[in-house]
Amino acid sequence: MNAHRHPSTTDPTPKLPKNARRVLQILKDAGRPLTAYQVLDELRAFGVTAAPTAYRSLDRLVATGLVHRLETLSAFVACDRAECHGPAAIAVCTECRQTTEMTGDMVPGYLQGWADAEDFAIDTVAIEMLGRCADCRRNHQDP
Ligand SMILES: [Zn+2]
Ligand SMILES: [Zn+2]
């Protein structure tokens, strides 16, 4: 018997609507979090001016796991992994807004263990670590 894989993690990209693929490309090119408004700004180059189109595409990408929503910045960032099962946490540099995904089973496993013990049903988990990246700290050495 082969180990089962989650069916939802098979590459969803080809099935994405055109605008969702454009939004994904915009976020990948940016390489950092963009707000929905900034995404819409970039979409204008493709003749898309309707905000609901941008929001729908972003929602869809978040649902597929190709894009992560950053609650603290009200922004969106493209997943930096080929096959993401959801980040355990995302570290956000508050100066340059660069993000780094932390993945692994330890944190989700711990949270699930707590939820099981408390009989709490988790819908979503959003962990964001705010701070300054190594580059930004080097550039501004605190006295
Ligand atoms: Zn990811
Ligand atoms: Zn930084």
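Cβ coordinates come from backbone N, Cα and C, glycine included.
Taken straight from TrEMBL:
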| type | residues | note |
| --- | --- | --- |
| BINDING | Cys93, Cys96, Cys133, Cys136 | Zn(2+) binding site |
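Here the features listed in TrEMBL are painted onto the structure.
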residue : record              : Cβ neighbours (10 Å)
Cys93   : Zn(2+) binding site : 19
Cys96   : Zn(2+) binding site : 13
Cys133  : Zn(2+) binding site : 18
Cys136  : Zn(2+) binding site : 14
**OP:** Would you list the other residues of this chain near Zn(2+) - those whose C-beta lies within 8 angstroms of the C-beta centroid of Cys93, Cys96, Cys133, Cys136 - in sequence order?
**Re:** Thr94, Glu95, Arg97, Gln98, Arg132, Ala134, Asp135, Arg137
